[in-house]
Amino acid sequence: MYIDDTIAAIATAPGEAGIGIVRISGEKAIELIDKIFKSKDHKVLSQYKSRRITYGHIIDPKTEKVVDEVLVSYMKGPNTYTREDIVEINCHGGMIPVKNILELVLRVGARMAEPGEFTKRAFLNGRIDLAQAEAIMDLISAKTEKGFDVALSQLEGSLSKKVAKVREKLLDMLAHVEVSIDFAEDDVDEVALDYLLNKSLEVEGDIQKLLDTADTGKIIREGLSTVIVGKPNVGKSSLLNALVRESRAIVTDVPGTTRDIIEEHLNIKGIPLRLIDTAGIRDTEDIVEKIGVERSKELFNLADLIIVMLDASRELTEEDLRIIELIENKRALVIINKTDLQQKLNLTPIQEIIQDKKIIKVSLIEEIGLEEIEDALAEMVYKGGAKAKDSLLVTNVRHKNALERALDSIIDGTKAIEQKLPLDFVEVDIKNSWKALGEITGDTVEEDIIDHIFKNFCIGK
């Protein structure tokens with residue numbers, strides 16, 4: 001990438017809209033816009049002060065034809081998104097005007113921006129670190145208010161500041177180690193070793209606290225793949241419709257009605273769920289239904305959360321028990337439906353298999369128990385880990401991997417101190433931990449990883 005050239009891209013989503021925006025960033029931004037913009041006073045933009053919006057027209061310099069009526073804003077660096085000069089052209093929405101203006105900007109000397117290049121320049125120019133850059137993408141793709149809040153907190157530097165504090169502790173440890181190595185002819189005194197050991201254990205705790213939020217953070221960021229399973233006609237489709245609050249699945253008294261997979265995205269108490277209603281699991285000779293059953297089993301194995309539906313009005317069968325046995329080691333919730341009918345289901349064998357799983361009795365037709373289901377789902381996600389109110393969550397798999405490597409290294413360092421191994425060994429472990437943490441903020445990350453991260457951004461951001 002050439003950081004000294006000027007880039008341009010459409011910054012708004014494609015399609016019809018009230019406004020479309022073409023963004024330009026670089027040292028020649030004002031020079032390029034002067035070639036194609038004329039204000040109502042027949043002035044070029046460089047004649048106006050920075051940080052104001054100017055009304056006028058984009059003019060094709062070859063034909064002198066008006067391309068569109070626009071509002072243009074000019075922001076002089078370094079106090080801009082990229083820390084470079086930025087020009088934004090607000091034109092009429094729709095593909096034709098924004099496409100024509102972008103083509104004109106490129107024709108007079110700008111280069112088409114790569115995906116995420118504006119944000120990448122903000123990172124390379126030191127306005128934000130890598131964790132903050134990734135938070136911008138999370139803000140755009142947030143599925144819930146909680147996801148948005150966590151991403152905004154990360155953009156404001158909550159994670160970066162915490163990581164920086166831990167790295168400072170590691171640097172302090174390195175300084176003590178290097179001083180001791182410089183005076184290697186003297187034995188390292190117990191006071192110095194005690195100090196290093198206490199610091200090392202403190203860093204372990206700091207990193208572990210961050211890692212403890214990672215499972216919840218991943219769910220907040222990416223959503224929870226939730227599969228509803230059970231025999232045919234137990235109420236799986238009714239549950240999907242009740243949670244979505246509209247009729248998405250066909251509900252009949254005929255077993256095997258749902259033959260395909262029905263998927264809905266919804267937000268339950270701040271948790272983004274990808275809720276999947278599957279074909280009823282049973283032995284069948286129907287070819288189409290059989291395919292649906294096989295797909296149900298595949299999704300069952302891949303799901304983050306399983307909701308098992310049972311019918312309170314029917315006796316427990318071997319088929320039910322086989323399904324229950326499958327969830328023994330999974331995050332799962334058991335729902336007993338049709339409690340408004342005569343009860344025939346014996347819960348004792350179920351409770352013996354899944355002693356730690358929550359069982360909720362509901363009547364979906366009477367709309368009884370739905371709130372309890374939603375509360376149970378939220379409790380299962382947040383149980384034992386980060387709470388919904390927490391803003392500092394590790395949501396990114398890349399960050400989690402870096403933290404795990406940092407923790408492994410400092411644990412090795414702690415062991416080396418306890419065993420009174422040569423301090424050169426301790427130094428290597430501390431440095432490895434420090435470097436791993438630096439990957440989160442981009443201080444010690446490889447260039448190809450940076451390129452990969454920004455390729456996932458949209459063009460114009």
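Just so you know, glycine gets a Cβ as well, placed from its N, Cα and C.
According to Swiss-Prot, the protein has these features:
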type	residues	note
BINDING	Arg23, Glu88, Arg127, Lys461	(6S)-5-formyl-5,6,7,8-tetrahydrofolate binding site
DOMAIN	223-382	domain 'TrmE-type G'
BINDING	Asn233, Thr252, Val254, Thr257	K(+) binding site
BINDING	233-238, 252-258, 277-280	GTP binding site
BINDING	Ser237, Thr258	Mg(2+) binding site
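Feature map: annotations from Swiss-Prot on the structure.
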residue: Arg23; record: (6S)-5-formyl-5,6,7,8-tetrahydrofolate binding site; Cβ contacts under 8 Å, 6 or more apart: Ala8, Ala9, Ile10, Ala11, Ile86, Val87, Glu88, Ile89, Ala113, Phe118, Gly460
residue: Arg127; record: (6S)-5-formyl-5,6,7,8-tetrahydrofolate binding site; Cβ contacts under 8 Å, 6 or more apart: Tyr81, Thr82, Arg83
residue: Lys461; record: (6S)-5-formyl-5,6,7,8-tetrahydrofolate binding site; Cβ contacts under 8 Å, 6 or more apart: Ala11, Gly116, Phe118, Thr119, Ile136, Met137, Ile140
DSSP on Glu88 ((6S)-5-formyl-5,6,7,8-tetrahydrofolate binding site), three-state: which is it?
strand
Mind computing the max CA-CA distance among Arg23, Glu88, Arg127, Lys461, which the record assigns to (6S)-5-formyl-5,6,7,8-tetrahydrofolate binding, rounded to whole Å?
19
Quick check: in three-state DSSP terms, what is Arg127 ((6S)-5-formyl-5,6,7,8-tetrahydrofolate binding site)?
coil
Report the member of Glu88, Asn233, Lys236, Ser237 (the binding-site residues) whose C-beta atom has the most other C-beta atoms within 10 angstroms.
Lys236
What kind of secondary structure is Arg23 ((6S)-5-formyl-5,6,7,8-tetrahydrofolate binding site) part of, going by DSSP in three states?
strand
When the pLDDT values for the domain 'TrmE-type G' (223-382) are averaged, what is the result?
77
